[in-house]
Amino acid sequence: MEFDTIAAISTPPGEGAIAIIRLSGPEAIQIADRIFYAKNSLSEAESHTIHYGHIKEDGEVIEEVMVTVMRAPRTFTREDVVEINAHGGIVSVNRVLQLLLRNGANLAEPGEFTKRAFLNGRIDLSQAEAVMDLIRAKTDRAMGVAIRQMDGNLSRLIRNLRQEILDALAQVEVNIDYPEYDDVEEMTQRMLLEKTELVRASVEQLLQTASQGKILREGLATAIIGRPNVGKSSLLNQLIQEEKAIVTDIAGTTRDIIEEYVNVRGVPLRLIDTAGIRETEDIVEKIGVERSRKALADADFILLVLNQNEELTVEDEALFEAAAGHNYVVVLNKTDLETKLDIDRVRELAGENPIVSTSLVNDEGLEALEEAIKTLFFAGDIDAGDATYVSNVRHIALLHQALEALNGVTTGIQLGMPVDIVQIDMTRAWDLLGEITGDSVQDELLDQLFNQFCLGK
């Protein structure tokens, strides 16, 4: 497959040490050579070499650059690729790009370089999606999962499962078309059932990693809830190590939702500091309280903050009811003051959920809280070096659909349905798994996926 030659700025816009303009396509080297001036021509350069020179426009030097030449097929796109390393900035870099476009290159669409890598067989679709996961990774663990997926861990597993299904379908066809025994139908059903159970077990095992994988990829929507002035904003500031929320002794200071990402021992949290939940006549505060209730309902995880220096109130107990059904940690704050809280009642309300004591003004208890969060979600098993995690929502949905199709095969065999009918569900499972790797996928989906990438990627 051959495309036109595309160009784009691959580094973020703005001032910086360097900026990279990337070209890919059959004319990439020739187009770059038209504007690059040095001792030797780029057209004669060997692959994977770097060259110093200048970019000129109408005889005027507009940039001093280093140019990398990479010839097909040993490139990311499997096309000729040129990367121009210029000084970071806006004006000169855009002039270089415009010069390339005037000399025959077309401006790349978002994600077009990665899309070409997929279409040219350099990577499959799950590996292409992992590129974006790596870019967006917020923790070392999320980065590790993305790198393993880019390396083909998930692809190899899916392809092995598809091969198992294909082998079974081929055997079904042989047994139907060339029966040698009277009991061929029974033998075929038994073989098909064994293969189905094998593939189904693997799909179920993959889906068991989905919850942790999704956490790593997207982060946990974490609502910090509690009555006014119990220390919610102090907790947010301590976790992100930055003064984002106003902290005062005046109840009701936080009137809107504040969101921040933080990495807590490998667990990515999207922290949501909510307005204190209480009955109020203040119109503005009332809006904040309603938003807090919605944030609580939508949260994946809750940090329920109580003031250890005050007695438990009806409003506090109502928060436990609202948190029911969620994963949550109870934070008993202000341990530097006299304890007035009924701790036994708190333990009764919290049930199996962890309870951590803190004195945020004295920086005490934060490590214990971070450890409780890590243990609650990962319990250490996420660290397996070669583990394959499913984190992409699209992949998870396709695996669930494939599992449903495989269950249909099992049910059909158990009901005594003919194998040529049962194999329809088997073929559907094969197709669905193929959508994960891109072996069977619609062009519209490809456009939708790659448009999520930035320009130059």
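Each Cβ is built from the backbone N, Cα and C atoms, and glycine gets one as well.
Quick look at what Swiss-Prot lists:
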type	residues	note
BINDING	Arg22, Glu83, Arg122, Lys457	(6S)-5-formyl-5,6,7,8-tetrahydrofolate binding site
DOMAIN	219-378	domain 'TrmE-type G'
BINDING	229-234, 248-254, 273-276	GTP binding site
BINDING	Asn229, Thr248, Ile250, Thr253	K(+) binding site
BINDING	Ser233, Thr254	Mg(2+) binding site
Subject >> Neighbouring C-beta atoms (10 Å sphere around the C-beta of Ser233 (Mg(2+) binding site)) >> reply: 25
**OP:** Consider the binding-site residues Asn229, Lys232, Ser233 and say which one has the Cα lying nearest the Cα of Arg22 ((6S)-5-formyl-5,6,7,8-tetrahydrofolate binding site).
**Re:** Ser233
Original post:
Considering only the binding-site residues Glu83, Arg122, Lys457, which residue has the minimal Cα-Cα separation from Lys232 (GTP binding site)?
Top reply: Lys457
Subject >> Longest CA-CA distance among Arg22, Glu83, Arg122, Lys457, per record bound to (6S)-5-formyl-5,6,7,8-tetrahydrofolate, angstrom >> reply: 19
Subject >> In three-state DSSP terms, the structure that Lys457 ((6S)-5-formyl-5,6,7,8-tetrahydrofolate binding site) belongs to >> reply: coil
Original post:
Quick one: Cα separation, Arg122 ((6S)-5-formyl-5,6,7,8-tetrahydrofolate binding site) versus Ser233 (Mg(2+) binding site), in Å?
Top reply: 48
Original post:
Any idea what the Cα distance is from Ser233 (Mg(2+) binding site) over to Lys457 ((6S)-5-formyl-5,6,7,8-tetrahydrofolate binding site), rounded to a whole Å?
Top reply: 38
Subject >> Asn229 (GTP binding site) versus Lys457 ((6S)-5-formyl-5,6,7,8-tetrahydrofolate binding site) - Cα distance in angstrom >> reply: 46
**OP:** Count, for each of the binding-site residues Lys232, Lys457, the other C-beta atoms lying within 10 angstroms of its own C-beta, and report the residue with the smallest count.
**Re:** Lys457
Original post:
Rounded to an integer, what is the Cα-Cα distance in Å between Asn229 (GTP binding site) and Glu83 ((6S)-5-formyl-5,6,7,8-tetrahydrofolate binding site)?
Top reply: 55
Original post:
Looking only at Cβ atoms, how many others are within 10 Å of the one on Asn229 (GTP binding site)?
Top reply: 21
Subject >> Distant-in-sequence Cβ neighbours of Glu83 ((6S)-5-formyl-5,6,7,8-tetrahydrofolate binding site), under 8 Å, six or more positions away >> reply: Ser10, Ile20, Ile21, Arg22, Leu23, Val67, Thr68, Met70
Subject >> Least Cβ-crowded entry, counting other Cβ within 10 Å, from the binding-site residues listed as Arg22, Arg122 >> reply: Arg122
Subject >> Where Ser233 (Mg(2+) binding site) falls in three-state DSSP terms >> reply: helix
